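Here is the structure we will look at.
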Amino acid sequence: MCKLNIFDPVQNYENLNQQLNLRRNKLNNLRKQGKTFTNNFKRNVISNQLFLQYGEKNNETLKTLNIQVSLAGRMINRRIMGKASFVILQDSGGTIQLYLSSKNLSDSFYNEHFKKWDLGDILGVHGRLFKTKTGELTINCNEIILLTKALRPIPNKFHGIVDKQIRYRQRYLDLITNKNSFNLFKTRSQIITEIRQFLNKEDFIEVETPILQSLPGGATARPFITYHNALDMNLYLRIAPELYLKQLIIGGFEKIFEINRNFRNEGLSAHHNPEFTMMELYIAYADYHDVMLLTQNLLNTITNHVLGTNIIQYGNLKLDFSKNFVKMTMKEAICHYNKQILSKHLDDKMQAITCAKNIGIHIDQKWGLGRIQTEIFEKTTEKHLLQPTFITSYPIEVSPLARRNDNNPFFADRFELFIGGYEIGNGFSELNDYEDQANRLIEQATIKNSGDNESMFYDEDYIIALEHGLPPTAGLGIGIDRLVMLLTNSHFIRDVILFPTMRLKI
């Protein structure tokens, strides 16, 4: 069936204007009667609670129980049949049918008021529960009140909103007309709640760190810049909370986490939005192996508690969170998925450059061997990491805040978690050698001064904090939006962010 959209600017402009004029006239009449925007209606139930409690009972039982309810919501459909009507009312719990008759409401109210209301109006009802001959749970209304007059019509709920631009820009319409979208965002909330509950049970403390920062740090990314008038200085929207969180570990907290927004002045894609939600945690007296185990247990718990299963569908994949996650080093993964690349090729810079050029990677002369390995991995290997997989042994060159590996200082004690072919999390044993950290930040600042906008600033305050002593610590960051995409079988990040970043309408 062909789907239509009543907000199509070409086909429906004239019709929309007519509806607006009609509804505005109705609103003006209501204003004259003093019957607009009532604010004293009290409900005692929402729709899904009624179905849970009374959905299995027959009509005779409901008559005996004489269940009186007060409920409010949006009128999304109605059938007027002479002196009786059926209305579908929608609230946060779902939908329920109303039965209205001139016998219960009086002829004058039914004809002069109710019949003139419109789809989209918000109503409050008092009435008795019963079941129709077809067995549908229904409220027989003895009073119905117009709470809010809707000036603009809602999209046809049967056809829904096809235009994704409208879904993203006017999310409220998407939520009204698309039950799946409404439930997706409820699931998102449940996922975040479950993360908090899991970490609370593990004795973590939730903290808050600055979003406006004098220097952005904690990740390699281009920041957003703003200006503080009173202080006469530039400030940056944070790209990561990491450096502040580690200062709290220095201050004596031993298990902390933060769930908040990060901002990166970068491109948009199916998996990237400039404003996104991140969970970061830090544990004193732990290493990256401990954090990998915690990550696995966290995701196992989330899938089980929120979705009711550890095996979930994502596109054509069945992702299994019940087993131990796969572990591979970056080099092992590259060689496994690129049979023409041998481990020895990745150990020699010239051979690694040849491998990179053969697969279309443009080599920057400033890159070292570690960066070249990482570029090869990102271009050829990430997309194959479908089941939950920890990739370890990242080069120190691309890990400026991570601890060097004791056995091979070329590598960092770091991992990234990949699921469905995309990075979901990043963790490592934290670098607490202040001299090593200072040297790496100096190197990052030098790269930044040469024109790389994504490299880090040198943060003297953080180095001073490190000099007071950071205990052995490990950390983890998980992108909440990408995690929600996986767990709701969504393939575009804009589908899981209520109000995604959009280009200005022309």
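Cβ atoms here come from the backbone N, Cα and C positions, even for glycine.
Owing to the predicted nature of the structure, the values given are computational and were not obtained by experimental measurement.
In this structure, Glu423 (Mg(2+) 1 binding site) is part of a beta strand by DSSP. What Swiss-Prot records for Glu416, Glu423 is Mg(2+) 1 binding site.
The Cβ of Glu423 (Mg(2+) 1 binding site) lies under 8 Å from the Cβ of Glu382, Glu416, Leu417, Gly479, Arg482, each of these being in the same chain and 6 or more residues away along the sequence. Residues annotated as Mg(2+) 2 binding site in Swiss-Prot, with sequence analysis given as evidence: Glu423.
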Including all protein chains displayed, how many Cβ atoms other than that of Glu416 (Mg(2+) 1 binding site) lie within 10 Å of its Cβ?
20
